Amino acid sequence: MEINDQACNEISYQSSDQAPRTPSQKATRDQRIAARTLRAQRYTYAQIASKLGITQRQVQKACSDERPTPRKACGRSRKLSEEQLDEIIEFISSSKETRRMPYSRVIQELQLPVSPETLRRALARRGYHRCKALRKPPLSDRTRALRLIWALEHVNWTREQWEKVLWTDETWVTSIYHRRIYVTRRSGEEFDDTCVRERISHAPGWMFWGSFYGNEKGPCLFWEKEWGSITSAQYTERIVPLIDGMVTMARNHLNKHLIVMQDGAPSHRNLLTIEELHERGIYPIDWPPYSPDLNPIEQLWDWIKD
């Protein structure tokens, strides 16, 4: 194919009015044909790139490719444009209600022509996923510092060390269905006001205390209503013996020296409770305040209640 100087100049003039192309942009069919023609006339890659307003890499590719027409892009085209995704994310992030909407409901509200799975993949590309809503703890600067210190002190613990921790906790159990609340969010948004769940009054039920270490279930106990609230005296009478029995059994029969973990509930940190544990040779691990997220037993409560 022949190309005269006027045609080349015309292509050059059209290209020079535009911003220089980046390597991610594709040369047009006319530019590719012109590049091959100019190369046949012994123009250098740099001269051709300057004349046509494309990169030298695009010139080289145009000249080495047997076909001047670019190959069609592989794969399916995306059903949601970036602008549509921006609008979807703005809608989802606008309130607690929209954060909690399942993908099928978002599609219904916005009348999107896609399936929930397509929407899930599109949002995942932007870093948005369905995550369990957390309660927002009242973290002061001091509490944040204590949590960080604890994390740094234990960041290099081995699996064997963690398996020696007897994790304990109480939870409220009801006869109604336990429903987790999920929100659509990015990493780092877990304590955003639109992503956290509110603390609600307990439905009628029972207090349950449980424990585990490694892959083994420890002792557990339903707190009878006639016992009243969990005071330090009640805790040392009914729960501390269970902890002591587990620690003693593991030490004498399994050659495991368990470390007891309990949170900072009033009945746990009371001097009477601490003295009773120390008399039994039990020294609980230091635990930062407002840190239920650091206790793996929280995951078991959700599993048990489901």
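Even glycines carry a Cβ here, placed using N, Cα and C.
The compositional bias 'Polar residues' feature in TrEMBL is assigned to 1-26. The domain 'Transposase Tc1-like' feature in TrEMBL is assigned to 95-156. Residues or ranges marked as domain 'Tc1-like transposase DDE' by TrEMBL: 166-306. Annotated region 'Disordered' per TrEMBL: 1-31, 57-79, in sequence order.
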Secondary structure content, the domain 'Tc1-like transposase DDE' (166-306) (per DSSP, counts of residues): 49 helix, 30 strand, 62 coil
Predicted model, mean pLDDT over the domain 'Tc1-like transposase DDE' (166-306): 90
